[in-house]
Structures are given as C-alpha cells and as structure tokens.
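Novice: What TrEMBL records for 7-181 is domain 'Cytochrome b561 bacterial/Ni-hydrogenase'. Positions annotated as transmembrane segment by TrEMBL: 39-59, 97-119, 148-169, 195-213.
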Amino acid sequence: MEKRLIWDLPTRLFHWLLVITLIVQYVTAEVLDDAMQWHFYAGYFALGLILFRILWGLAGTDYARFSHFVKGPVTVLRYACNLFNRDSPAHTGHNPLGGWMVILMLALIATQAVSGLFLTDDVFLDGPYRSAVSEATQDTMNFLHHNVFNVLLALIALHIAAIIFYAIYKKQRLAPSMIHGKKATEDKAISSSKLLLAALLIALSAATVYYAVEIAPPAPVDDGAYY
Ligand code: HEM
Ligand code: HEM
C-alpha cells in the first residue's frame, strides 16, 4: 500500500507541543519551586493550543476535522466489539473509539487550563479571573484544577497504552504517522496542510488568549495587606 499524507503539519505540531506543554505544567507545579509564573505562561499557551485545535477541528484538513472522527454510539460499539480482532482493518484517521478519547482529552485539558485562571498560588500570583468570582466559584475551580489533572494522567496513560497495544497486538504502528504525517492507506491523502489558514487560526487563537488574560480581566482587588 502506498504511504500517503494524512496528518497535516499543524495537527502534528499541535500534538507534540501539547505533550511538551503538559510536561512543563507538571514540572512547574509539582517539581520546581518558584516556577509559578512559568506555570501561568505555559497554561496560557495550553489554552491557545486547545483553542486552535477546536478551530482546526472545524476548518482544518480532512482527517483532523471533528466531523471525520466523531462517530455515533452504534459505530463506536461495533468498533469496540472488534477491538481484540487482530485483523480488523486499520483506520486512516482516528478510529471511532480513539476519536472520543481525543475529545475527552481536549475537554479535560481545556477544563484544567480554564480553572487555572481562577486560582492563586497563595504567595504572589493570582490567576487573572480570581478576583472576578465568588469564593464558592474559586473553591470549585480549585477542586477542578487539583482533581481533573489526575483523571488526565490516567487518560494519558491509557492513550499511550493504546498506542503500544496497536503496535504490538494489532501490528499497526500509529506513532510514526504522528511524526511524519504519513500512513500506508488506500484512502485519499490530504492535498495540503492548509498552512495559510493554520497561520490565520493560530494568530486568532493567540489574540483571543491575549485578550482573555491580559485585557479583559478586572483589575485585581487590592486588600492592602502589604502596605
Ligand atoms: C502528554 C501526553 C499526551 C497527550 C496529552 C496526547 C494527546 C493527544 C491528542 C489530543 C491526540 C489527538 C490529535 C489530534 O487529532 O489533534 C493524540 C493523538 C495521538 N497521539 Fe498523543 N498525546 C500524548 C502523548 C503521546 C505519546 C507519548 C505518543 C507516542 C508514543 C502519542 C501518540 C499519538 C498518536 C500516534 C496519535 C494519533 C492516534 C491515531 O492514529 O488515531 N501521544 N494525542
Ligand atoms: C493545561 C494547563 C494546566 C495544567 C496541566 C496545570 C496543572 C497543574 C497541576 C498538576 C498543579 C498541581 C496541583 C496539585 O498540587 O494538586 C497545578 C497547580 C496550580 N496551577 Fe495549574 N495547570 C494548568 C494551567 C494553569 C493556569 C492557566 C493557571 C493560572 C493562570 C494555573 C495556576 C495554577 C496555580 C496557582 C496552582 C497552585 C495551586 C495551589 O498551590 O493550590 N494553572 N496546575
């Protein structure tokens, strides 16, 4: 079978930048002392990545679109019943189960990044929307930020386990295609990575995040404690 381009460059860059960002988020929150400012910056970057991926899921190349990989329950169930069949045919884009896994990961990472905007490190730094909400909302966001990450870790472990399962059990090596973008398939290749559109959507995502964290938030409440 011929190797054809199916994952465009923006989707691949998105994936590996997301992996790096989540590692940075973990390290700046749990390992390093005094790295909270970097945790905030990387968190804003994560927000931008997710925003871009949502836009790309609507307007990007064929296999990256939600309409291509978000399937109904019957298709998902039928696929799940065949999961342990070694000879079930490979999917060119995300398979029906994997598609929902992608949605779930994106939703949880979005929840993690948005809830961070309402947190404080209890020392110097407040997320940009902390003073805009009630104490009850702050508590909810705090709860989400501390607990969603553990669910996310479990999903990431499952995600990597699935990649290994496909490689060993089904002899389908998915990881290289997330690097070079190509897969052996009879389905049609994407004709281009739509780089100009991607650049526009990246600029739009970056501007939206800048507006949301730098311009829109209310001025922090000064409780006068350090005067
Ligand atoms: C922090 C860790 C990770 C996160 C949050 C993550 C998240 C994701 C997301 C959101 C997608 C969907 C891509 C898209 O359509 O935009 C995806 C796909 C994919 N990821 Fe990861 N990933 C992680 C680590 C890894 C690692 C370490 C590998 C390689 C061993 C990997 C291999 C893949 C592959 C091969 C796909 C495409 C699967 C398919 O063919 O359907 N990921 N990942
Ligand atoms: C995807 C993005 C993010 C990830 C994966 C992430 C992850 C984490 C993790 C794992 C912790 C440690 C939680 C614990 O000790 O139980 C943490 C703490 C924290 N994060 Fe994030 N975070 C993200 C985005 C943000 C953003 C955007 C902000 C603020 C603008 C933020 C602010 C904070 C603060 C202030 C803490 C310390 C909370 C405390 O000490 O109780 N985070 N984050």
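Each position is counted from 1, following the chain as shown.
Including glycine, each Cβ sits where the backbone N, Cα and C put it.
Caution: TrEMBL annotation is automatic and unverified by curators.
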Novice: Which residues of the same chain, at least 6 past either end of the transmembrane segment (148-169), have a Cβ under 8 Å from a Cβ in it?
Specialist: 22, 84, 86, 98, 101, 104-105, 108-109, 111-112, 115, 175
Novice: Tell me, what is the mean pLDDT of the domain 'Cytochrome b561 bacterial/Ni-hydrogenase' (7-181)?
Specialist: 95
